[in-house]
Amino acid sequence: MAVVLTPLVGSCVNRLIDIIADKTIMILGARDDLDILHQTIHHIQYYLQDAEQRRMEDLAVNNWHGELRDAIDEADDIFDLIEGRKLLKDIPSSSRNTPACSGISFLSCFTDILKRHDIAAKIRKVNTRIENISKLGQSFLTRSDVAPVGQRAISRSRKSSNLVEPNLVGEEIKHSSRKLVELVLANKDNKFYKLAIVGTGGVGKTTLAQKIFNDERIKGNFKKHLWICVSRDYNEVILMKEVLRSIGVRYDTDENEGELSSKLKAAIQEESFFLVLDDVWQTEVWTNLLRIPLDAAATGVVLVTTRDDIVTRVIGVKDVHRVELMPVDVGLELLWKSISTEERDVPHNLHDIGLRIVRKCGGIPLAIKVTASVLATKEKTENEWEKLIDRSAWYVSNVPTELSGALYLSYDDLPQYLKQCFLYCALYPEDQFMLRDDLVKFWVAEGFIEKRKDQLLEDTAEEYYYELIHRNLLQPDPRFYDHRWSKIHDLLRQLAQHLSGREIFFGDLQSLEAKDLSNRRRISAFTDKDSVMLSNVGREHIIRARTLMIRSRETPRIANTIFRRLPSIRVLDLTDSSVESIPDCIGSLIHLRLLDLDGTIITYLPKTIGFLITLQILNLQRCNALRNIPMEITRLCNLRRLGLGGTAIDQVPNGIAKLKFLNDLEGFPIGNGNDNTKTQDGWNLEELALLLQMRQLHMIKLERAAPSSTTTSEILKDKRHLRVLNLECTERTEEYSEEEISNIEMIFARLIPKTLKTYTSQDSLVRGFPPGLVLPICPQ
């Protein structure tokens, strides 16, 4: 149910146009078939609007939609083969003979899939399949007058605009927070004082709890302050570690619940604490997990937020504050503030429509805010607002009641390109903050981002991110001025998961049947076990997953056999897992766009990584055991990000300048590279000159830069996309000489362009900013 086909089909058409325009495609003998495929898919675009609108209520349309999605995925895989064959022909055949897994040579792995006649046969097969799907669709879908020709321009919202806090309007919130703070302070000397905020989902319980938690009087009256998001399916060990982290207590990754409990007891001994347990569904989090260790404290207050009155009774809450549904007048105030409008400026006819909209939102602040965000995209006319009220999206039947109405409307109103980005957030755990840069790289690797003239995909993706924030579908972390961290409200996450249906899976892989697993397209394996395996899946089942993420606060072991089981994988995120080695057969994952090995314990990369010619993102940060990267890395002609920060890598291959799409380079070790050698002790600065798309650049070992270089000042001159520059010198036990410091300052002054938005430097060496350099004030 989840895949949004309009941008997917549009991307497919664009790839086909590029392939057909390439004269080298003639060697496949499939030009006519590709032309027919292009015409068929282009023709299907006329029917997509009707299909997208009807698939929620019409099973036949939804099934047709799923068939088309499968066929487009198949076509996309074939396009990778075509482009891969073109690029791989330039690789010397001798380098293809690296032994792959299971004793099969790498060359033999490719001969079956890269033969010309085989590719041509695949094209004809998918052509027939899509033609049949097109004919079927024409029998029951309505043709629109205009085919989609691209994605509409997105609203360019300011990244630091004033966002209205839900429920922070009206006098009730002020009165409630004041009353509850006074209750807490009146009982602060009790052994345990427990109070609760109770209310339905989205009504503002967490917002009220945050206001209390951040009150200066609370901060001044308790030694320890803890905020714990419990979530519905919490894990005892993981939650206990979260508690310890929040009060600054260290622990070992392999410690069990009993050992962690003892550490908490020791840390809280004879202290006072204020604890918020947010979003409690099960009473055991207090009765079985936290009650006993926290009993060691001298005094303590526990504030619980929950939807369930039974939770408050079992935990033994003394005082309950119930957050009622928002009154219409307060809801109307929230509506106007959310669209940056004063009530006195609203025409009378729109005021009446606003009242009707607030009533349709049922007194739920979250519903009012997301509906206000939809209104903000419309003209302030009676006709436009009436059309919004009459939208059928308010009344979709196959969406759970708590997710229907305003919440579903806010999704339905999204432009197609934003729908798939929003749905992707369902792969994250409940209440977990998401980093903007992570979402950007995932969306780019998944092909969600529209190509625009003179703009990098990453910049466009970042605009998508901020539009989701300003539509109130992502909640930014207020601690960061640029909203680089955000999370999704649990109700909106449930909506995204419901709409995604069987397309995605979030949870423990071992809980899935083999057949079910093989049909999931995107998998987020969140587990508390010490290993992640696909042992349930026999060889007769092909795993069609295009995305696999390992999500765990533990360090799960990943069997390297996993690389053999994912032939269609595009995004593979193994961050902080115990991957010990990458097998040679990784080179056969020809569709792979993103490989994230951040924080793993790998010691080397196989040479076959050079065959991943579609790879766009390679993250190796914090791979502490990795000492060098192979020469074959310079063959990754589509690479956009290379993350080396936090590694011990010093030996690097000559030729990084070949990676013309590289725009994010973290941990660039500066050295005096030699053009006559295959590997070198760091890259010389001149190699950066040809990387014209550089957007974020982090350079280390600045002291090794050649001070006499006449071109140093020109290296970053033409980097018009450059936004972030981080320059770093090596920390030494002995001091740098005056000559070394002088050289560093000279390089520093020559490198930094005046157009830079953000830069950081090691302040222990650079004694002054370069002459004439005007730096922005960037809050840390």
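Every residue, even glycine, has its Cβ placed from backbone N, Cα and C.
TrEMBL annotations: computationally assigned, not manually curated.
What TrEMBL says about this one:
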DOMAIN    9-89  domain 'Disease resistance N-terminal'
DOMAIN    180-339  domain 'NB-ARC'
DOMAIN    427-496  domain 'Disease resistance protein winged helix'
DOMAIN    563-735  domain 'Disease resistance R13L4/SHOC-2-like LRR'
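The DSSP breakdown of the domain 'Disease resistance protein winged helix' (427-496), given as helix, strand and coil counts, is 33 helix, 9 strand, 28 coil. Averaged across the domain 'NB-ARC' (180-339), pLDDT in this predicted model comes to 91. With DSSP states grouped into helix (H, G, I), strand (E, B) and coil, the domain 'Disease resistance N-terminal' (9-89) comes out at 73 helix, 0 strand, 8 coil.
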